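Data first, discussion second: the structure below is written as structure tokens.
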Amino acid sequence: MKNLLDLSYEELVTEITNLGLERYRADQILDWVFDKKVNNFDEMTNLSKKHRALLKEHFSISFLKLLDKKVSRIDGTTKFLWELEDGNTIESVMLFHPDRITACISTQVGCPVKCIFCATGMSGFVRNLTTGEIVAQILSMEKEEKKKIGNVVYMGMGEPLLNYENTIKSIRILNHKKMGNIGIRRITISTVGIPDRIIQLAEEGLDVKLALSLHAPTNFKRDQLVPLNKKYSIEEILNAVKIYQRKTGNRVTIEYVLIRGINDEISDAKKLAEILRNMKVFVNLIPVNPTVEGLRRPSRERLLTFKRILLENGIEAEIRREKGTDIEAACGQLRLKRIKSRS
């Protein structure tokens, strides 16, 4: 049985017409699923009982089972722990801004990259999410909170470009006007840097935003923070980003988690400005999550100094305003606690 959320618009039309239903029925089904958040064919009352029975024979509509939810008392940021059909768990986060609601979603169960400051990597890698499981995070959050998500960041558990096909297909579904209907420039992919996939992304014709999780200005330091750097060097990654920018014309966000005594030195700021010179970038400076054992945040003074050095060297930069600090909103924390409690 196929999960309807795995299907593109064109695939759904083909599937239902092959079953003998009219093409326009696809739009009716999608209205129920994406607009009304209905995942039961029996509730689709503008379809005949015969059609509903036929659809139930061939398709499921797999929303996610909510295991846990944490809501920030500070800013309303909401973190969800979901159970998948095979018993694995993933996390998603809903962030509230005055003018929009942003969802941070996962692409893998666990993560193979194992950045030292990330809780997701501590629990290991299990598998890629299906297209439907990625899409279902948006629908399940919207159904749970009864709110419409306007922005999506692929910054949750996992490395999106290591689950490339399912990530790209989910973006097309979320962007399609008869499905997720989320503007393409309101969707961001965050990656630690998979050079060939960054170049491939430039060829997709998808005008999504790209964020690169860099975290260090030299290979020596990045090897320690992001083990995958031993496979793909900073030079290879930035070269791929330059190709991406030539093809798309888009500015790229550079994510930089600052850790006291590791990558927050004045020399690091100067080196970062040097390697990013003449690139169309914006640097997001992120104090390390204090819940990660053994890692400490830089002082406020050091954060401001780091930012000032970048600005003085012509690199746009900002210190990210944190959300959900009281609920450890960074993805991976809830899942890791659940795994530890069962071991």
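Quick reminder: no glycine exception, Cβ is built from N, Cα and C everywhere.
Secondary structure at GLU91 (active site, proton acceptor), as computed by DSSP, is strand. The active site, proton acceptor annotation in Swiss-Prot covers GLU91, and the record cites sequence analysis as its basis.
Taken from Swiss-Prot, the feature domain 'Radical SAM core' covers 97-326.
Taken from Swiss-Prot, the feature disulfide bond covers CYS104-CYS331, and the record attributes it to sequence analysis. CYS104 (disulfide bond) carries a strand DSSP state (E or B). The Cβ of CYS104 (disulfide bond) has 26 neighbouring Cβ atoms from other residues within 10 Å, across all protein chains displayed.
Residues or ranges marked as [4Fe-4S] cluster binding site by Swiss-Prot on the basis of sequence analysis: CYS111, CYS115, CYS118. In this structure, CYS115 ([4Fe-4S] cluster binding site) belongs to neither helix nor strand by DSSP; it is coil. Under 8 Å, Cβ to Cβ, and six or more positions away along its own chain, CYS115 ([4Fe-4S] cluster binding site) finds GLY121, VAL192, SER213, HIS215, LEU225, VAL226, PRO227.
Note on HIS215 (S-adenosyl-L-methionine binding site): other Cβ atoms within 10 Å of its Cβ, all shown chains, come to 26. A coil conformation is recorded for HIS215 (S-adenosyl-L-methionine binding site) in the three-state DSSP classification, outside any helix or strand. Annotation comment: Swiss-Prot describes GLY158, GLU159, SER190, SER213, LEU214, HIS215, ASN289 as S-adenosyl-L-methionine binding site, evidence class sequence analysis.
Marked as active site, S-methylcysteine intermediate by Swiss-Prot: CYS331.
For ASN289 (S-adenosyl-L-methionine binding site), the nearest of the recorded positions by C-alpha distance turns out to be CYS118; the candidates were GLU91, CYS104, CYS111, CYS118. Recorded residues SER190 (S-adenosyl-L-methionine binding site) and CYS104 (disulfide bond) have their alpha carbons 10 Å apart, per Cα-Cα distance. Taking only the Cα positions, the spacing between LEU214 (S-adenosyl-L-methionine binding site) and CYS111 ([4Fe-4S] cluster binding site) is 17 angstrom. Taking the Cα atom of each, GLU91 (active site, proton acceptor) and CYS111 ([4Fe-4S] cluster binding site) are about 12 angstrom apart. SER190 (S-adenosyl-L-methionine binding site) falls within a strand when secondary structure is assigned with DSSP.
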